[in-house]
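Undergrad: Sharing a structure below in structure tokens format, with a few things to ask.
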Amino acid sequence: GSTGDGPRGTAHKTEVLQEVGGFSRFQFLVLHLISFSRLVIPLHFLLHNFISAVPPHRCALPHLENYGAQADEETLELSIPRNPSGALSSCTAFFAPYGNVSNSSAVALPCQNGWVYERSKFLSTTVTEWDLVCDNMKFNQSLATFFFVGVTLGGVLFGNLSDKFGRKPMLLVSFVLGGIMGTLAAFSVSYTMFAVTRTLCGVALTGITITTISLSIEWADIKHRTFTGIIVSLVWSVGNMLLALLAYFIRDWRHLMLVVTSPFLPALIIWWWIPESARWLLVNGKVEAAQKFLSQCAKMNGKFNQTTPHLQHLRVSGLFHCTYLDLVKTTKLRKITACCGIFWFAVAFTYYGISFKITGFGLNMYLTHFTYAAIEVPAKVLTYFTLDRVGRRNVQAWSLIITGIFIGINTVIPTDYGLVRTLVAVTGKGFSESAFTTAFLYTTELFPTVLRQCGLGYTSFVGRIGSSLAPLIMLLEDVWEFTPPLIFATVAILGGCVVFLLSETLNTRLPESIQDVEEERFVWACVSGCLEMFATWFVWPHLTFQFFCSSRNKRTPENQLENIEMN
């Protein structure tokens with residue numbers, strides 16, 4: 001059946017992971033292997049900023065040498081009209097050189113013979129490859145949307161498959177698919193081929209994202225979940241800084257595409273040493289496989305002799321096969337599913353709305369992108385220390401709300417104040433990254449093991465709808481320049497407010513079954529979270545509450561892995 005409940009079991013004194021060493025050498029090895037294999041994700045997600053950049057361009061003029069590529073401005077203005085701003089037009093030219101632009105018979109027409117591009121910043125991009133400028137510019141922005149459509153589909157596909165077949169097999173499928181599609185994209189012979197391969201590459205990258213985050217969290221004990229989530233997310237920042245450096249030195253889009261795809265090869269090799277989730281194996285009845293990986297963990301952590309009797313007598317109470325429908329079958333899961341979908345949309349929509357805007361701040365695009373990535377590191381360090389003090393829910397909510405506020409502030413700052421706008425934008429980017437970092441950890445802790453990948457798949461699906469819409473929303477600048485930032489700010493603030501409807505997961509065990517989510521002892525997290533938020537506004541009630549919580553925690557067994565019995 002697909003109930004996800006099953007008979008209840010009891011754990012012998014402490015959780016299995018604590019028995020085999022808690023968070024020691026084995027977990028550190030797994031964390032490092034997973035982190036390196038995730039390096040390819042940021043290299044592709046914001047790649048559009050560079051491989052599809054729009055260089056300065058103007059109409060090709062057949063009567064001039066090299067179509068006017070090296071012509072001076074005095075020569076060009078005889079054949080190209082000026083915009084109201086005084087700059088030479090990028091999309092129109094006089095049908096023939098009349099010798100005098102003031103000639104009343106001169107008629108400006110759309111480019112008839114293609115375009116010439118300035119090659120000082122880029123040797124080639126998808127724009128120069130297929131002339132995606134002027135009336136065709138919408139096709140260039142659509143490339144980012146196509147990629148995120150693939151990312152969206154990947155969340156649904158791999159979320160369900162990895163809950164059914166396991167995290168590790170789906171991780172292998174993701175690596176293989178991503179490597180093949182990334183390579184084919186670099187050798188694309190048409191716009192359509194490139195769009196299709198990038199879409200499928202997005203599917204694969206989501207598979208890597210949600211399977212690795214589950215693997216890392218499910219191998220961590222309760223005290224190190226925050227640490228694990230932050231370390232895994234730091235790879236994103238390092239990868240984005242690396243992307244800026246690679247793009248700076250590699251100005252040809254095909255070569256850059258191949259270079260950022262190359263990490264798939266070592267990731268395939270690393271895959272052999274990444275263990276399957278022991279939690280997933282146990283709740284799916286694969287006891288022998290779970291014993292194998294737990295024994296390896298115990299040996300590496302120096303706990304094998306103490307845990308051997310317990311590992312030999314592991315058993316599960318039942319088999320559970322869940323689907324996406326189980327996310328909405330019970331009351332509390334429906335609430336979690338709805339709220340997580342809303343704040344994930346806001347997180348991704350806002351993050352990519354900021355990330356795709358890397359021009360207009362007075363810095364070159366490479367430095368802006370690198371700065372955006374670099375600010376994420378201290379933001380994540382601050383998030384790490386904050387998460388265990390004010391809780392997941394408060395960090396998730398307020399990081400979104402503050403991001404929206406900073407976007408709104410930047411809207412009213414005049415463009416002449418480039419440095420100020422850059423500082424405000426970078427600060428907002430830091431808070432948006434904090435929201436994204438927390439989202440993965442918070443969502444993983446809210447959904448039970450039997451539905452965790454489905455939950456991550458669903459939230460990834462909704463979030464990527466947001467990231468797919470972000471580049472399209474930016475096209476509304478042509479209607480009114482303030483439209484995109486106002487939309488991004490409003491969505492961020494509203495999404496942050498919705499988070500307050502969810503429960504707190506700080507210092508609570510990971511729920512294993514749907515029953516764990518629905519029953520009272522997991523609901524305690526919601527009650528305590530609401531009380532804690534209230535208590536933070538007053539000093540003496542807060543002290544009283546901390547004492548009450550500590551007393552309650554002493555009575556509640558920590559780190560129980562449900563559905564497991566030890567004889």
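Glycine is no exception: its Cβ is also placed from the backbone N, Cα and C atoms.
Annotations per TrEMBL:
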DOMAIN    92-507  domain 'Major facilitator superfamily (MFS) profile'
TRANSMEM  139-158  transmembrane segment
TRANSMEM  170-189  transmembrane segment
TRANSMEM  195-215  transmembrane segment
TRANSMEM  227-250  transmembrane segment
TRANSMEM  256-274  transmembrane segment
TRANSMEM  336-354  transmembrane segment
TRANSMEM  397-413  transmembrane segment
TRANSMEM  482-502  transmembrane segment
TRANSMEM  522-540  transmembrane segment
Undergrad: For the transmembrane segment (170-189) and the transmembrane segment (227-250), decide whether they are in contact, meaning at least 3 CB pairs lie under 8 A, counting pairs 6 or more apart in sequence.
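TA: No, these stretches are not in contact.
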Undergrad: Could you tell me what the rest of the chain brings near the transmembrane segment (397-413), counting residues at least six beyond its ends with Cβ under 8 Å?
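TA: Sequence-distant neighbours of the transmembrane segment (397-413): 343, 346-347, 350, 353-354, 383, 420-421, 424-425, 427-428, 431-432, 434-435, 438, 482, 485-486, 488-493, 495-497, 499-500.
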Undergrad: Restricting to the domain 'Major facilitator superfamily (MFS) profile' (92-507), report the mean pLDDT as a whole number.
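TA: That stretch averages a pLDDT of 84.
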